[in-house]
Each structure stands twice: as structure tokens, then as C-alpha cells.
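Colleague: Copying in the features that Swiss-Prot gives for the protein in this structure:
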type     : residues : note
DISULFID : 30-62    : disulfide bond
DISULFID : 38-52    : disulfide bond
DISULFID : 53-88    : disulfide bond
DISULFID : 64-95    : disulfide bond
SIGNAL   : 1-27     : signal peptide
């Protein structure tokens, strides 16, 4: 489990460092690298930290873009990610 978490954090950090984690959405700055603080909640099912909830709120407008991106989709659409978002009191958007 810890190895999987480490791989997730490393993968997101590498993509973000290469500029691949930044996606523009209607003036919003979408950066999947900001969600690395949520790795424990998303990959491991841990309770999201305050920093995680803050990052999720900041990236809320980007959820659909991340969900459609093959690099992040399986994490964003996972039951643990949905649980983390819900625990932070954030409504999941309906993506088209």
C-alpha cells in the first residue's frame, strides 16, 4: 500500500514538474501537482487533512478536466477520491 502511495505521489509530482499538470479552465489555474497533499486520502483512504481540503477547494473547478485526463482519471474517479471530496464538504460536479 505504501509503495502504491509513493508511486502515485511521485507520478503526480513528475507530471506537474514537467508542466503536464497545468491545464487551463475558464481562467482557472488547474494544477494536479497541488493535489499531492491528498495522496494519503486518495490512494490510501485516509481522512483528508485540512491542507488536502484546501487544495481540493482551490482545484474544484478543474475536477472534470482531471477526471478526463488519462494521467489522473483513475485517481480522481476512485471511490477514495469521492470520499475525500465529500469529507471536505465539496460537491462533485457533473462532468459531460
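Note that Cβ sites are derived from N, Cα and C of the backbone, with glycine treated the same way.
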Colleague: If we check Cα distances from residue 62 (disulfide bond), which of the disulfide-bonded residues 38, 52, 88, 95 wins as closest?
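Modeller: Smallest Cα separation from residue 62 (disulfide bond) among 38, 52, 88, 95: 95.
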Colleague: In the structure shown, which of the disulfide-bonded residues 38, 52 has the fewest Cβ neighbours within 10 Å?
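Modeller: Checked 38, 52; of these disulfide-bonded residues, fewest Cβ neighbours within 10 Å: 52.
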Colleague: Select the closest residue to residue 53 (disulfide bond) from the following disulfide-bonded residues, measuring between CA atoms: 38, 64, 95.
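Modeller: When the Cα distances are compared, 38 comes out closest.
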Colleague: Spatial neighbours of residue 88 (disulfide bond) among the disulfide-bonded residues 30, 38, 64, 95, defined as Cα within 10 A: which are they?
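Modeller: Those near residue 88 (disulfide bond) - Cα within 10 Å - do not exist; the answer is none.
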Colleague: Give me the CA-CA distance between residue 64 (disulfide bond) and residue 30 (disulfide bond), in Å, as a whole number.
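Modeller: Here the two Cα atoms lie 11 Å apart.
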Colleague: Rank the disulfide-bonded residues 30, 53, 62, 64, 88 by how many other Cβ atoms lie within 10 Å of each Cβ and give me the one with the fewest.
Modeller: 64
Colleague: Take the C-alpha atoms of residue 38 (disulfide bond) and residue 95 (disulfide bond) and report the distance between them in angstrom, rounded.
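Modeller: Their Cα atoms are separated by 21 Å.
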Colleague: Give the distance between the Cα atoms of residue 95 (disulfide bond) and residue 52 (disulfide bond), rounded to the nearest whole Å.
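Modeller: About 22 Å separate the Cα atoms of these two residues.
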Colleague: Where residue 30 (disulfide bond) and residue 52 (disulfide bond) are concerned, what is their Cα separation in Å, rounded?
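Modeller: Here the two Cα atoms lie 15 Å apart.
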